[in-house]
Each structure stands twice: as structure tokens, then as C-alpha cells.
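**Q** Features from TrEMBL:
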- 863-880: compositional bias 'Acidic residues' (COMPBIAS)
- 860-889: region 'Disordered' (REGION)
- 45-66: transmembrane segment (TRANSMEM)
- 72-92: transmembrane segment (TRANSMEM)
- 104-126: transmembrane segment (TRANSMEM)
- 146-169: transmembrane segment (TRANSMEM)
- 181-205: transmembrane segment (TRANSMEM)
- 235-257: transmembrane segment (TRANSMEM)
- 277-295: transmembrane segment (TRANSMEM)
Amino acid sequence: MERSNAATNPDFNEPLTSVYTWIQACTWETCGLKGSYWNYRPNKAINFAFAILFGLSALVFLTQGFASKKKWLGFSIAMVCGCVLEVIGYTGRILAWDDMYSQAPFLIQIICLTIAPAFLAAGIYLCLSRIVTAFGTSNSRISPRAYPLIFVTCDVVSLILQAAGGGIASVKTQAHEDPKLGNNIMIAGLSVQVATLLVFMLLALDFAVRTMGRVGQIGREQALDQRYVELRKNWAFKGFLIALALSTLCIFTRCVFRVAELSDGWSGHLMKVQGYFIGLEGAIIVVAAFLLNFFHPGLCFGETPAAGVTGGRKCWGGRKAASGQSSVEELRIREDMAQEGEGGTQYIWACFVLRVCDMQPPVVPITMPLFHLTLHCRRHPATLPRFFALKMRPVPPQYDFTIKYQRACSLLPPTTPSIQPPSSITTLLVATTLPHSITMNQDEDVEILLGHKRRYKFHSGNLARNSTLFAEMLTEPRAAALNAKAKSAGIKIKWLIELTHLPSENFPAGNLQLVHLNQLGERADGRSGMIVNENGRIPQASKVFAHYESIFYAFYGKDLTIDANDMAEALPECHSLLQISEYLGCTGIISKPIEVALLKHGQDLFRSIQSNPCPWVHVAYDIRSEAMFKECMIHFAGNWKNFKKTPAVLESVREIPGLRLLIEKYHRALILQGKGLELAIMSHYPGKMDKPSEDIPIKREAYSKDILVWMALSFFRHWVGQRLLLEKGRNGADCGYELYKAMGAAGEAYIDKTVINQFHTKFPMTKKAMNVLENHLFEIKECIKAIIEEHQVLVSTTQLDVSRFPVNYLTCTVFKKKDLPWLKDDTTPRVLPAKREYKPGGNEIARQNLETAKRAQARALFEDEDDEEDSFDRDLDIEESPAKRKRTD
């Protein structure tokens, strides 16, 4: 900053001895801003406040650093250094209040306050790697350790540039030379800091977007690290994320301001306004520091272990290993497979390593199914996936552990530090596979080729168990007889299945063909290209490939998704999935994932069912979805009088055996419910109209006292009778919905002032009598409202939110599970099995499942349509039946 007035823009080539001698004698009272290093007098109270606040923050960071047991030592050091520099900088501004004409206070504040936020930014950079680890490293584009290495390095470069620029400016100023060079270097350092912060924020935002995207695609359990579930639920951790984001924005804003300030020159406009400095330098940095005080990572992360970011000889959690112990934080050892007994029970053998990270003995959790064992320096019991059963057994005396351990270490990456074999080993870990995890131990011996860049490798056993088509294809006689050369080359594929046709009229789900392989595992037909021609049909082919892929992945337990934004688009996608699953013979396995994927659409699905239940009832029937079928039946029963007028609807309903009979059964039940309600309304006598006196027999004088009540009841029944005769009740197109809805609302919803005035015109009476009669009429309406509520005709049983998306018919149907058409008893005669010594084994269960699936397909294909037609012909409409019988007679 240049001096104001006489000292502004001095000629550095001229001697300034006399000027500086004059300045040294200046005071605020005698010279004011003339000859000072400032364009304003620094506010002493505000600078005192900033110095105290930063000093307090530094003490808190120091205390928190020791309390976190050195886990966050780097973060605490960076924050303490930044706050201490802020205190020194504001001390310089405090001194400048008394002496604005000395260089020392000015240089103290300009250098310290410029470089202090660089230390605060370095502390923030150290936190992102821990956050990435807590959410899952697979969601990040770079490894967690790369974040601090990259950004702290850039921050150090920025710090060096700012410090060098400040030093050069100080030397130039003291030598009465132009400090422009130092000023430019400081601007370069601040620019590097701004660029670093910007890239940091973009990477953090990219990580957040990728994490949310993967959660939406594959679910929280697979997208996020399940070791840190409780940490992510903690409110303190969520607060820390918000505080870290706000602190980063504060420091970024301050750096942008300082670049603009210094770029404008030391005599620029921003340098002359103290308010800019207080708000955009002091205040927001105070906010950033105190946010990280309140949400210190050592407090918010708690005792959750986090890998260190600085490397070194550390265990999991940051504690150094003792002398002579292993320095490996995580050791992955390949398993040694051994088969015992005729049944081929499979085991994984791995030896314990004693005294690793001062553990007696260390805990060895299995974290990867049947492929790796992971040693962790942890003080809690091992956690095992559901694939394993853990047993501890004594060490067999004949087992050579030294050779075994050396062989395991030879399989580690070259960068892994060498490990000495343990001196004594006393325990053996045995993990036994459960039946449903045997697939994980098999080779991927089936290749499925759908199209360009659509090649998959799967397990033959898994495909055969889940699909009747694959069960017929993947048999040993059809497998490739690989010779020794092929096996030595690592070729595992014994079956190659290729999609030869896309869905068409002849092949509704496409066509898969088994390709013959020779002894080398190569195609016997010599083809190298794809049979399916995708040219001009890329959208169609892509959808078909995606549907096949979803079904294949569902065999391995992956969720199936239907991502259509409009349910009208989801319907053909469901039909395509069902056609493919029927072709593969796996509808029973795919139906539940399809149902779950559809129900995730919530109200969009239920609105689509309400508007057009015909196609959805077919989907519900095909996937055996009780929830969707019930939803369709509610809308069919309530709006059947309108639906049955459309021939296309009747034709569609006819395709499902017994569906029309079922719909009309529940429609008749709905009409009977309305009939009972109307009978209750027309036979209701409010109050004590029937017994106005306790004396029996009741005299006419007692009845005459309630003459206006009888007139109100007569008028009410007159109006209701007219509504029913005009078929606005149960015989109406809406089954009486509008009438019942108005009665359920009471008040002015029906028989309003206009209708009452018509009655008064026909039966004139005094004003008082008119008011009394009207009050009696409102009392009758309230009684009828209670009857409506008692009969529950307006209680919606549909999952559609009728308050947001109202319908104009009754939705009170209570569908019974026993009426689901696919739950009818199987009339096939059953033969009791012969007694045997053993229960059914795995092969027999798989064969039974296959036969059951084939029988289900056969029943669907050879349904007796004649019986179905006869049953529909015998079905008579409830409203037309009396007239037809009368004509017959």
C-alpha cells in the first residue's frame, strides 16, 4: 500500500531522506492520513475483537487436537497455525491505530493476514479423504490418499508464493523501492490458492453427485461402505459436512476478494474502504474457524477408525506398531483350498499372525467371499458375511505353517513390506461355505453374447438353477471338451450362448442359440462377428440387451430397476421383461423384482392403474403381484358399469380365466353394500320421533308437537327418493358415489337454500316455522352423515391418494386374498412319496423346482379356452337378470 497525499506515488529514483525524516515525526493529530501507510485509520475495537476471537479459536483447536488422541493431529496443527497468524496480523493492525506511519505494523498485517487462510485451507483438504472413506472409496474418481497429496501440495506452493511475495514487498519498501514485484508474486500465490480451492470444491461436488447417483442405481448397501453406517446416521457427522462446506466457501470468497484487492493496486478503491476488509476478510474467516471449532472432525467422527493420509508405519486407526512388529496395515492373503471327504466339503485355511499391532491374538475378519482374507489391527470380534460359518479349531500337528505362511506372502504385491514368519502359531481359522454360496467358488464357465460390447460370463450352475431354458442348454453332453492346451491357457468357457434374433413376431423374446465350441474353446463355425444385425435398430436392440442383462443380474440377487419416467413407457418395458422371463423359464424368480421395481414408482403407478387397469391387471397376473391385482380389482369393481360398455375392455378381461366373474362378484357386493346403506337411510327416524312420550298408548297431541320434524323428514325422504328413482344411487354409473359423498359431507353439500325455498313455496309457513324446519333438516343430515360413516362406503381401500387424485366412483372394495386367481387348488392327484432313509438332496430339489416351472408353463399354454367361453356365457349381468327370466317365462 502506498502512502497517501504527499507520499503517494513517490519517485523511487529521487532521495526520500527528508520525506521519511518528516514522516517519523508525524502523529494522527498533526498529519492525519498524510504520509501514512494506510488509506484509513484501522478500527481498534474491531481489530481487538478479531484478535481475541482468533486466539480463542486457536486455543480450542489446540485442546481438540490433544483430545482427539493424535488422530487429527495434522488438521489441528494447520488450524492452530492459521489462527495464530490471524492473531499476529490483527495485532499489527492494532499497533497501526497508534502509529500509522511505521512500516512494521503494516508489513505484519499484510503478510500474516494474506497467508493465514492457506493453513486453514490445508486443514480442510485433509478432511475430504476421511469423508470419501466414510461414504465409500468406489464413489470417488481418485483414491482418498490422493486428495491431501494433491491439494496440500498446491496449498504449499501457494503459501510459498505468498510468503515470498510478502518478503520481497517488505524488502523493497524498506529500501524505498517499488514493491510491485512482490505484490505481483503475492497475487500469483492467491490465484493458485483460488484455483486450488475451486478444483477442490468441484471434486467434492463430483463425489457427492456420483455417490447419490450410485445409491439411486444400485442401492445404499452396495454403493456405500457398510462399516460406517452408524457414522453417517450421526447428526454430528452431518453437521460437520455442512460446516466444512460453509468454511470452504468462506475461505474461497475471502481469497477472491484479496486477489481483486491486490490486483487493483495498493492505492485502489478496495484498499481504501475498511468495511470491505472487515466483512470479506475478518468476519468470514472468523465464521469458517468457529464452524470447524463447533464441528471438529475429532468429535464428529468419534472413535470410527480412519486410515491415515500421511502413510508411515501405522495400524488401522493411526497408532504406530511397536518395535519388531508388523507394519502392514491390511494384508490380503489368498486362500489355500482343500477338499476333505467324499462329499467335497470346501474349507479355507489361514494362519493367525501373533502380536500384530500389540494384539493377543489379532482378529482376522473375512471380508471377501472365498477369495481373500484380510488382517486388521482391530480390538473387536470378527464380522463375517452371511456366506460363511466361522469355527476355531486346534492346529493339526502335521500342518507346516512356515511354508504355508511364506507361500501366502509370495502372492502379495511387490510394494508390500516384507513380513517375518511368526515364531509360534496356535490357532487355525476355518471358514466353511454354506450351500447358497457354492456358486462363488465355481469358475465362470458360460459366456453369453448378446451384441456389440455385450459379452457376459456367468456360472452354469446358477443359470441352470434359475432358468428352464438354460437347464436344457447347459448339460454336460453339450459342453466343450477342453483339452490340456486350453486348460493350461486358462480357458474356462465350456458353453457359448448367442442371441441370434431380436424380438419379432416369430420370436417375441428373441432367440438364444448354443454355439458349438471345439477342444480349444473356440467357435467351431469359425465366425467372429455378431449374428444379430444392430444397424438401424440401435434403440430397440439396446432395450432388449438391457432387459436380458437385468434378468441375468437378478439371478445373482441384484435389484431390477424400471427407470421409465412415464408409466405408459414402463408398461411395454414390463411386457418385454415378462416375455423374456417366460422364454427363459424364470418368471417365478423375476416376478418379485419386477413388482418391487414397479411399486417404487408409488403414486405414478397407482394413477396409471386407476386410469387404465386392463393392461396392469395382466401384468399383475403374470408376476403374481397381490398388491397390484388388488388395486386393479378395486377400480374394476367401482367403475365396472362404465368399463363393461367398452368391447376392448371385455376382450382384455376375457384373456385371464375367471377374471370377469371375479370382477362382477365384487361389483355385486359393492351394489349390495349401497343397497344396505340406502335402506338404512330411508328407514331412519332421528331422535325420539317414534316415541315422543313414555305413556302408552301415545296420544295424537304428543305426535302433533313434532309436526315440523315430520315435515322435515318427509321433505328429506322426498328428495332422496327422487335421487334414487333417477338412478343416482347404487344403480347409477358411479354406484351412488356422488350421492353418498354429498350425504357424507352434510351441511350445504345437498338440499341447500335453493331447494328448501322450493319446498316453502309449495308449503308456505311463517318465517319462524321455516327456520325451525330448516334446523330440523340440518339435524337429519348430521344423522345421515353418521350412517354413511358407519357403512364405510366412502372409505378408500386403494393405495391411490384420493385426496390428491380424486376419482368419481366408489373405492371401498375389500378384496380377499383367497380370491386371487393363481391361488386355486391344484387338482392334480398327488401320490405319497415312498419312505426313504435320507431327506431330498440338492440335485433332487433343483429337479423338483425345474419340473414345477415346466408344469406352470404347460398350464399357461394349454388352458382350456372352451370352458372359459362357456363360463362367460353363463355369467349374467345383475341388472339384466330379472328381465331375462321374465321374458323366458
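Yeah, the Cβs are placed from backbone N, Cα and C, and that goes for glycine too.
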**Q** Cβ under 8 Å, sequence separation of at least 6 from the ends of the transmembrane segment (181-205): give me the contacting residues as numbers and ranges.
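**A** Same-chain contacts beyond the flanks: 114-115, 117-118, 121, 124-125, 128, 141-142, 147, 151, 154-155, 157-172, 245, 248-249, 251-252, 255-256, 258-259, 262-263, 265-266.
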**Q** Give the one range among 104-126, 146-169, 277-295 whose Cβ atoms make the most pairs under 8 Å with those of the transmembrane segment (45-66).
**A** 277-295
**Q** Before we move on, state whether the transmembrane segment (72-92) and the transmembrane segment (277-295) share at least 3 Cβ pairs under 8 Å, counting only pairs 6 or more apart in sequence.
**A** yes
**Q** Can you work out which residues elsewhere in the same chain, 6+ from the ends of the transmembrane segment (277-295), have a Cβ less than 8 Å from its Cβ atoms?
**A** 43, 46, 50, 53-54, 57, 60-61, 64, 79, 82-83, 86, 90, 113, 116-117, 120, 123-124, 236, 239-240, 242-244, 246-248, 250-251, 253-254, 257-258
